[in-house]
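Working notes, beginning with the structure itself.
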Amino acid sequence: MCNTKCYNTLAKMTVITEPAMEYMYSVPLDESEYDKCGFCQDPRYRPRRHKDQHLARAGSAKAKELCEALIGVYPRPTCESAVGHSIALVMPECMPGRVEAMGEFMESIFYMDNIAESGSQQDTGNLGTEWANDMETGPTTSVNSNTGAKQVMAKLALQLLSIDPVCAGNVMKAWKEWAAGFAKPRRFDSIEQYIDYRLVDSGAIVAVHLMNFGMGLDISVEELREVSDIVNHAGKALSYQNDFFSFNYEHDMFVKLPDSIGIANAVFVLAETEGLSLAEAKERVKELAKEHEDAVLRLKDEVESKVSYKLRICLEGLVDMVVGNLVWSASCDRYSSYRREKHQMELPIRIQGPPTPPQEPVYEKATLPNGKQLDAPTESSGKDLSDGVATLSGDEPVLGDEIVSAPIKYLESLPSKGFREAIIDGMNGWLNLPARSVSIIKDVVKHIHTASLLCDDIEDSSPLRRGQPSAHIIFGVSQTVNSTSYLWTLAIDRLSELSSPKSLRIFIDEVRKMQIGQSFDLHWTAALQCPSEEEYLSMIDMKTGGLFHLLIRLMIAESPRKVDMDFSGLVSMTGRYFQIRDDLSNLTSEEYENQKGYCEDLDEGKYSLPLIHALKHTKNKVQLESLLIQRKTQGGMTLEMKRLAIQIMKEAGSLEHTRKVVLELQDAVHRELAKLEEAFGQENYVIQLALERLRIKA
């Protein structure tokens, strides 16, 4: 098989002349070692096993140690089987240097899947989205969040990023898209309806990107869509195989869970919707799987000469994955040990009849748009019909919050890095707050942050926020200001639910600092008064760092642990890093330009670090000051004015100076984090990952 460089070089080719994939890292299994149980009967489905299976087992051992330390002991078997480790069978051509990482990844996922399956179906349905957020460091607010699981997911993501950032990015993007399409478990009317659901639920698309990671194939989410039909058929074949072998276990869990509405398993769905016996349903599953197994091979033959070489290698790997998953599922301890406990062929299936069609709701009260109910009107409506003037009868409609909430919901719907939420999750790995307290603090921080963004965009006359029109452009300044005030009431309301009597004092202290910091930022801009770098850092510590100080102090106050560690260094360095990195991105990042506009800070007249440095060191100070004066007169800068300002900054070395400061702060944040990790005796993978996603390369 070609190496990674070969894949990526040949990816641009449109005419395929290379021979079929040459296996380098695996050997075919002897037929005496496995039983296909009626699946994958085409001889091209020949299972293989990685030569370095011991590396996958070493990865599993690491994962088991980590998960037991951070999550707890869970005895159910995971990756092993009588034939081999799941990674060795499902990804037989994984690059040797990545086998151990893949083993650790898969073992961890199985471990957490065990926990999910032991909970309610509602909890299970939430975990896919939460894990995606944990890998992306996006916002999570679930009160059922498992702090240890978050640390594990962050550690896995960090490991993938350290090995191959590009392929890891493909995995994370696929995971995020998968989570966005995740649906809650439900009853199904037909096997067709079920398998479409199961294709998404199984996360097959993520598995394919993990396989590509293992093989060193840089295939983006968009590129893989070129062969989406084949991937979907493979995913459905994998799902039918898994359902066949996992049914007994899943049926047992179904009986035990009080909120179960059905089993997300093809055997159950066929038995329920088509009236088949268990044996008949299992045979039907084999037939359905065969249709998709055959389709994979047929479509693969049709497209091989039309796709890039790396996609061709991916399709070969997909065939190995389908048959490897089969052999593993048929022999793994995870399912086979359970089947040995069930000697009978037929299990009593708890079937509740066909799904009940939804009925029209019956209302006994009038329902307002906000969801609140009013008693049905009586003969006396509270209105004097003689003059048409309403009286105060007490029956007036209760107005809802849909208007005041509209700007808030709009802004919160836009993409966000979720950095502050990730910091809360990471800190909780050390502070061990109750889940309820974590949820409240996240809400308080979210409300304050959203309020500050709404207000900032108005004060800065910013037309864009995260690539979309700012809220005040859509809803108007007056309405957006009112929504900002409303958010402060929501924040205080949630704050009152915290148990610590210190919470209100902490809130007042830090919010006061934030407002003072903002006042200087606004004053410098309005008065065309350039601060010193030291004054600018003090403003950042109050304005940007204030929210970080707030969340840390609230968490310490709510923590059941006695905490005497000093977080001030980490918090201050993080606030400065976050803001000055933003200063640099505003003037140099194409992504930032797409989200906020070209050099938006210059339009707003903000004294960011590059501008402050330039005004002190440029030979063209009068020219730069004149540009700022004209900006104030005109309400912004033209493209040509911005280009001139950037040129002056470059000549003064201001952009390079700012980049140097960002890199120094980046190192400082990691040093402060390392101090706390040593003090607590525990690495904080969640915060490490959050910082890694912001990293600027030296």
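Every residue gets a Cβ built from N, Cα and C, even glycine.
Ranges compared are 126-130, 391-395, 456-460, 496-500, and Swiss-Prot records motif 'DDXXD 2' for 456-460.
Same-site candidate for isopentenyl diphosphate binding, as annotated by Swiss-Prot with Lys417, Arg420, Arg466, chosen from His449, His472: His449. Looking at 113-117, 233-237, 428-432, the range annotated in Swiss-Prot as motif 'DDXXD 1' turns out to be 113-117. Distance between Cα atoms for Thr544 (dimethylallyl diphosphate binding site) and Arg420 (isopentenyl diphosphate binding site): 11 Å, as a whole number. Residues 37, 39, 198, 202, 263-268, 282, 285-286, 289, 325, 329-330, 332, 334-336, 338-339, 342, 347 of the same chain, all 6+ positions outside the motif 'NSE/DTE' (242-250), place their C-beta atoms under 8 angstroms from a C-beta of that stretch.
Geometry remark: Lys606 (dimethylallyl diphosphate binding site) versus Asp460 (Mg(2+) 3 binding site), CA distance 9 Å.
Neighbours of the isopentenyl diphosphate site: apart from Lys417, Arg420, His449, Arg466, residues of the same chain with C-beta atoms within 8 angstroms of the site's C-beta centroid are Ser416, Gly418, Phe419, Leu453. Across the fold, the C-alpha of Asp113 (Mg(2+) 1 binding site) and the C-alpha of Lys417 (isopentenyl diphosphate binding site) stand 26 Å from each other.
For Asp456 (Mg(2+) 3 binding site), the Cβ neighbour count at a 10 Å cut-off comes to 18, with all displayed protein chains included. Residue environment of Asp460 (Mg(2+) 3 binding site) contains 18 other Cβ atoms, counted within 10 Å of its Cβ in all protein chains. Arg466 (isopentenyl diphosphate binding site) carries neither a helix nor a strand DSSP state and counts as coil.
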